[in-house]
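Student: Below are the structure tokens for one structure; questions will follow.
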Amino acid sequence: MAPFLVLFLAGVVAASRGDREPVYRDCVTLCERNNCTGSRLTDFRAEQPLYMRVTGWTCLDDCRYQCMWYTVSLYLKEGHEVPQFHGKWPFSRFLFFQEPASALASFLNGVASLLMLLRYRSSVPSSCQMYRTCLAFSMVSVNAWFWSTIFHTRDTALTEKMDYFCASSVILHSIYLCCMRTFGLQYPSIANGFGAFLVLLFACHVSYLTLGRFDYSYNMAANTGFGVLNLMWWLAWCFRRRFHQPYLWKCVLVVISLQSLALLELLDFPPVMWILDAHALWHFSTVPLHFLFYSFLKDDSLYLLKINHDDIPKLD
């Protein structure tokens, strides 16, 4: 299932009100001095659960987490709104999961995508013209949701970039999928050339964001452009073919639903019970759309097989 919209990519992780607070900064400095040096650091590591060490939680990370909640408690006590820290709302950590609800939602999306990949393989013969393209798209989608799960489990510079880049790869691959379906079957050389262009575009996109400081504004603008192209291309093709292929309503519904559900991102409220925020709700709401989109891919692939079979001359 392709994320036709890219609003979820537009997270500006800059300094926020919470981490600019002198109370927060002084707390982190004091905590690090008292707990993260010498024998006290050794004691911290000895007492730290194995699952926290394995997932890379450091003494400084723990100080920031504890000081975040200390600052939040002061804000609430004085009647102020909950602040964000480093571009994010404060989340209650569960085991080593930094954002438990979003991590679970991403995992469920990945499982749904994987199940639909397996169902597509079992339902569509490999002789279908779109078989390999659909499988490749499915694997790219599963990979993207894998990294989304990792990112929401443990937010680091690496996992953040992998989340963004893999999400971009799904959108670009969806554009290629649409290109193959609209005219690539008739003109494979054009589709191959366009595919090579998309690979080069993706490589340039990743290089620009990797070699220098991560440009969140550019990333948002670029992916929004990719998403709009993807959206309009699919809708235009579905509209043109609506009387020939009745199952196209599934693709249209997925596109429109993703547009509508993405509005959840605009709510941007503090997490309910410090776990469930608008981003997690959006991820949870997209899980059923995988089944509908892969149903469309299956129906369309079987349709192609049927018309190709009907075009084969019959021998008496």
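Backbone N, Cα and C atoms are what each Cβ position is placed from, and that goes for glycine too.
Quick paste from Swiss-Prot:
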{"type": "CARBOHYD", "residues": "Asn35", "note": "N-linked glycosylation site"}
{"type": "SIGNAL", "residues": "1-18", "note": "signal peptide"}
{"type": "TOPO_DOM", "residues": "19-93", "note": "topological domain 'Lumenal'"}
{"type": "TOPO_DOM", "residues": "115-132", "note": "topological domain 'Cytoplasmic'"}
{"type": "TOPO_DOM", "residues": "154-163", "note": "topological domain 'Lumenal'"}
{"type": "TOPO_DOM", "residues": "204-218", "note": "topological domain 'Lumenal'"}
{"type": "TOPO_DOM", "residues": "240-251", "note": "topological domain 'Cytoplasmic'"}
{"type": "TOPO_DOM", "residues": "294-316", "note": "topological domain 'Cytoplasmic'"}
{"type": "TRANSMEM", "residues": "94-114", "note": "transmembrane segment"}
{"type": "TRANSMEM", "residues": "133-153", "note": "transmembrane segment"}
{"type": "TRANSMEM", "residues": "164-180", "note": "transmembrane segment"}
{"type": "TRANSMEM", "residues": "183-203", "note": "transmembrane segment"}
{"type": "TRANSMEM", "residues": "219-239", "note": "transmembrane segment"}
{"type": "TRANSMEM", "residues": "252-272", "note": "transmembrane segment"}
{"type": "TRANSMEM", "residues": "274-293", "note": "transmembrane segment"}
Student: Using Cβ atoms and a strict cutoff of less than 8 Å, what residues sit near the transmembrane segment (94-114) while being 6 or more residues removed from its termini?
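Tutor: Residues packing against the transmembrane segment (94-114) from afar: 1, 51-52, 54-55, 57, 138, 141-142, 145-146, 148-149, 151-155, 271, 275-277, 279-280, 283-284, 286-288, 290-291.
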Student: Please work out whether the transmembrane segment (219-239) lies in contact with the transmembrane segment (252-272), by counting C-beta pairs under 8 angstroms that are 6 or more apart in sequence and asking whether there are at least 3.
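Tutor: In this chain the transmembrane segment (219-239) contacts the transmembrane segment (252-272) - 3 or more Cβ pairs sit under 8 Å.
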Student: Under the DSSP assignment, what numbers of helix, strand and coil residues are found in the topological domain 'Lumenal' (154-163)?
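Tutor: Here the numbers are 7 helix, 0 strand, 3 coil.
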Student: List the same-chain residues at least 6 positions away in sequence whose Cβ sits under 8 Å from the Cβ of Asn35 (N-linked glycosylation site), in sequence order, or say none.
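Tutor: Leu41, Phe44, Cys59, Asp62, Cys63 - these are the non-local Cβ neighbours of Asn35 (N-linked glycosylation site), listed in sequence order.
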Student: Within the same chain, where does the topological domain 'Cytoplasmic' (115-132) have neighbours whose Cβ lies under 8 angstroms from its own Cβ atoms, ignoring anything closer than 6 residues to its ends? I mean 6 or more beyond.
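Tutor: Cβ under 8 Å, 6 or more out: 1, 138-139, 142, 180-181, 185, 290-291, 293-294, 297-298, 300-302, 304-305, 308.
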